[in-house]
Ligand SMILES: O=c1[nH]cnc2c1ncn2[C@@H]1O[C@H](CO)[C@@H](O)[C@H]1O
Ligand SMILES: [Zn+2]
């Protein structure tokens with residue numbers, strides 16, 4: 001351990017506790033969401049029927065949604081990932097990809113997400129003859145359509161795509177080149193995903209070095225199902241801009257009984273360099289990376305001022321949304337609107353779009369949105385105080 005300090009006051013000790021409705025309306029920023037992990041259950045059923053995919057475990061949308069949540073609740077990342085065969089199985093045509101992407105943008109906007117980076121692995125969508133380029137174009141078309149629908153519904157969202165390469169496969173260089181081809185057309189970054197144990201990020205070093213030479217951005221799933229070596233490789237060998245999950249950084253932090261905290265060299269590096277952590281609490285509970293919301297490392301990491309962000313990972317498999325992730329954290333840690341704003345500004349600062357555009361989102365959308373919600377809260381407090389005061393004043397005789 002290389003440095004120690006005392007834990008600052010818990011976040012959320014006083015201030016505006018958001019209501020569920022305010023959590024939904026609050027502007028939110030999502031950096032880690034898988035397109036094939038967020039399909040509407042009804043859409044999986046429709047697409048399976050239309051394409052002749054007969055492998056679904058349930059054909060009633062409600063039952064299918066429950067099946068995904070329960071099957072993903074397996075305690076292991078490998079078993080969690082098996083459930084994706086059904087969504088990927090029905091996402092093999094242009095129309096299917098466009099529809100899923102449009103609905104994704106629509107659903108996120110309805111949940112109050114104003115900026116999202118949504119990832120998918122093009123190599124998983126070529127079983128029926130689409131080229132990698134056609135996959136990207138179909139998804140882009142869907143995101144633009146979803147943004148349009150959100151505007152028509154009186155909302156707003158901007159969606160950027162991250163192209164994922166599967167870490168057990170050997171197509172990362174090809175996918176990195178695909179991302180560069182589309183860097184000015186909807187693709188804002190690159191990622192690797194899939195089973196982590198046994199597939200270290202350095203397997204894909206060529207792709208990462210290529211992307212660095214191209215001045216491009218990438219995140220790496222690391223420190224989810226495997227620990228510190230994976231995080232260390234992702235940062236110090238591969239040059240990741242952000243960490244997908246990164247929860248295991250907690251293994252490099254010690255909290256003594258008296259509240260003294262010691263960070264190891266890697267944890268210090270992550271905090272000093274403001275490396276964004278894309279945390280996905282519900283997903284981590286399902287894969288066994290954390291035992292409960294209250295015990296999730298996000299609580300400690302937020303108190304220690306790591307660059308923490310809140311994400312959904314897979315809305316279908318986790319039965320979640322940005323609002324639900326925040327509601328769980330509010331319940332577990334007493335987070336306030338100020339905490340929500342802090343997580344949201346962190347996420348916007350860490351996005352892969354240009355600096356001036358991130359700044360504009362923070363100043364024109366995020367801060368005014370939270371100010372409005374905090375003003376509502378103050379108004380409620382004042383109204384409640386006035387009501388108490390008049391209740392306790394002596395009755396006129
Ligand atoms: O939390 C995760 N960890 C690692 N891989 C994941 C996670 N969620 C989804 N995928 C994998 O990423 C692919 C492309 O979206 C999915 O098909 C799934 O295999
Ligand atoms: Zn993920």
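Cβ atoms here come from the backbone N, Cα and C positions, even for glycine.
Any TrEMBL annotation is an automated prediction that lacks curation.
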Candidates 86, 125, 221, 296, the one TrEMBL lists with 32, 34, 313 as binding Zn(2+): 221
Rounded distance in angstrom between the Cα atoms of residue 32 (Zn(2+) binding site) and residue 194 (substrate binding site): 14
Shell of the substrate site beyond 34, 36, 194, same chain only (C-beta within 8 angstroms of their C-beta centre): 35, 37, 81, 84, 88, 119, 120, 121, 124, 164, 193, 314
Any further residue of that chain within 8 Å (Cβ to the Cβ centroid of 32, 34, 221, 313) of the recorded Zn(2+) site: 33, 37, 119, 191, 193, 244, 245, 278, 280, 283, 311, 314
Overall pLDDT for the domain 'Adenosine deaminase' (27-367), taken as the rounded mean: 97
Integer Å distance between the CA atoms belonging to residue 194 (substrate binding site) and residue 221 (Zn(2+) binding site): 8
